[in-house]
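Colleague: Before I ask anything, here is the structure I am working with.
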Amino acid sequence: MSNNHASSDDMPLEKGFSHNNGLNGTGTGQGLNPYDLNKGAQYLERDENPDNGLKRLGTAGSISLSPELFEKLYLSPENRVKGDLRKTFGNPTPLALAGFLLCLTPLSCDLMGWRGAGGNGAASTGVFFFFGCLLMILGAVGEWIIGNTFPFVVFGTFGSFWGAYGATLVPWYNAYGSYVTDPTVAATNQGNPGNPAGVLVPAFNSSFAFFLVFMGLLCLIFLICSLRTNIVFFVIFFTLVCAFGCLAGAYFNLALFYENNMNVGASVTASRLVLAGGAFAFVTCLAGWWIFVAILLASVDFPLTLPVGDLSTTIKGAAERSNGGAGEAV
């Protein structure tokens, strides 16, 4: 290394992940990334021994990320937070994504009826609780700790969604059984909660449809915010809006059918909307698995990277626009 580097042992050595590796093209390592959160940091030189570099990097406790890589790893525009929590804790984003994908992928296959699957995902109730709810809530707490507001809200709300959906499927919660008001019909379940006859009650289907409507509204808000993240995240929320819209329409049509069994058209429409909702959800999963792999590859500095279509630097933030490009994301 150059003498300039050797005399600066007190400064944290960081590895630049931007396209120019933090170098100015001369191999001296003096060209600093203007987006680094730690100004004046040193970088590895191109001709430095990898073993020595990794040893020094491992004791530095600091990694400098380009805006593109930061957004890919955390699904949020680069922002500044107090302290060194991102250097202390691991990245919680892939953990939450894993919980989300391991719930939605089989559920989308159920909705499409592949290989005779069905039952609105009832066979995956445990997965909804212990993968979707648990892992996404843990991921949300992790994002909150390191100061990433947008993914914290996304993971927290979807973790709660999977818990609520799983609870709806559990008879003990009596989500659908409480709609059985006919004593004769209630007697068929011998007083136990979760009378399956409640699923055939129009009021239950309409009520559950409204839950899906407002989940779609929430995803629409996330969709707008995702314009500051990347194209893959945008696709995820776009297809989720479509999926929730289709499923809400399906339950509204089921309510019409159960209210009047002669309304066969409503039943056919509901079946088609469930299929369409499952297809949109499956596209969501394809995009989700892509970004999940991209984040894990980036987290281990794998030589192969997957593009996610960074938008954090394409669509400028309000603070950056008002300060002529020198602002910080919030």
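Placement of Cβ uses the backbone N, Cα and C atoms for every residue, glycine included.
According to TrEMBL, the region 'Disordered' annotation covers 1-34. Residues or ranges marked as transmembrane segment by TrEMBL: 95-114, 126-145, 152-173, 203-224, 231-254, 274-297.
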Colleague: Which residues of the chain, 6 or more past the ends of the transmembrane segment (231-254), have a CB below 8 A from one of its CBs?
Modeller: 75, 111, 205-206, 208-210, 212-213, 215-216, 219-220, 222-223, 266-267, 269-271, 273-274, 276-278, 280-281, 283-284, 287-288, 290-291, 294, 308-309, 311
Colleague: The transmembrane segment (126-145): which same-chain residues, six or more beyond its ends, come within Cβ distance under 8 Å?
Modeller: 74, 85, 89-93, 95-100, 102-104, 106, 151-156, 158-163, 165-166, 169
Colleague: Cβ under 8 Å, sequence separation of at least 6 from the ends of the transmembrane segment (203-224): give me the contacting residues as numbers and ranges.
Modeller: 154, 157, 161, 164, 168, 175-176, 179, 234, 237-238, 240-241, 244-245, 247-252, 254-255, 258
